[in-house]
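*Asks:* Here's the feature list from TrEMBL:
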type     : residues : note
DOMAIN   : 22-158   : domain 'DUF1468'
TRANSMEM : 21-41    : transmembrane segment
TRANSMEM : 53-72    : transmembrane segment
TRANSMEM : 93-124   : transmembrane segment
TRANSMEM : 130-149  : transmembrane segment
Amino acid sequence: MSNPTHDAAAPAAITVRAAEIGVAILIALGAVVVIVSNYQIGAGWAPDGPEAGYFPLRIGALIFLACLMVLWQALRTPNDAVFVTWPQLKQVAVILVPLTVYVALIAFLGIYVASAIFIAGFMLAIGKFAWWRAVLTGVVINVVLFWIFEMQFRVPLPKGPLEAAFGF
């Protein structure tokens, strides 16, 4: 998993051109969100100076213009070089898919239970640890984190039904 070189025999999953176009469009969409949201909160000049959205709106506009330039350059210059191969994309998916599931589980199970499952799952699937070590590590780490954030620092983090059952 640590070999970053391109495998000449592996087919391209994504070309450089496709990556540039995709990233330009995604970042441009984010810039539009920044522009619209800051326009709604006020992006003008008030009697006492700039409103809250003044500078963020302009930064969003600059980012949007930069995305248009990247998109234009990618569309006019064919670059079919390999950006990532299928085996490399699989390595990314091994991390990205469980991470996405973890983030989704936080809303339903709370951060501590979701984190315990995430840690134990990675220890089992990637690290090939014994099941009892994986479960013990996931639980202990999250009990310590709960004690630090909830009891010592009094920083409330997303909780789920298990914490509610214990009265937190």
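Cβ atoms here come from the backbone N, Cα and C positions, even for glycine.
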*Asks:* Who are the chain neighbours of the transmembrane segment (21-41) in space, where the CB to CB distance is under 8 Å and they lie at least 6 residues beyond its ends?
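*Replies:* 14, 51-54, 56-57, 59-61, 63-64, 67-68, 70-71, 74-75.
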*Asks:* Within the domain 'DUF1468' (22-158), how many residues are helix, strand or coil going by DSSP?
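*Replies:* Helix (H, G, I), strand (E, B), coil: 104 helix, 9 strand, 24 coil.
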*Asks:* Over the domain 'DUF1468' (22-158), what is the model's mean pLDDT?
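*Replies:* That stretch averages a pLDDT of 96.
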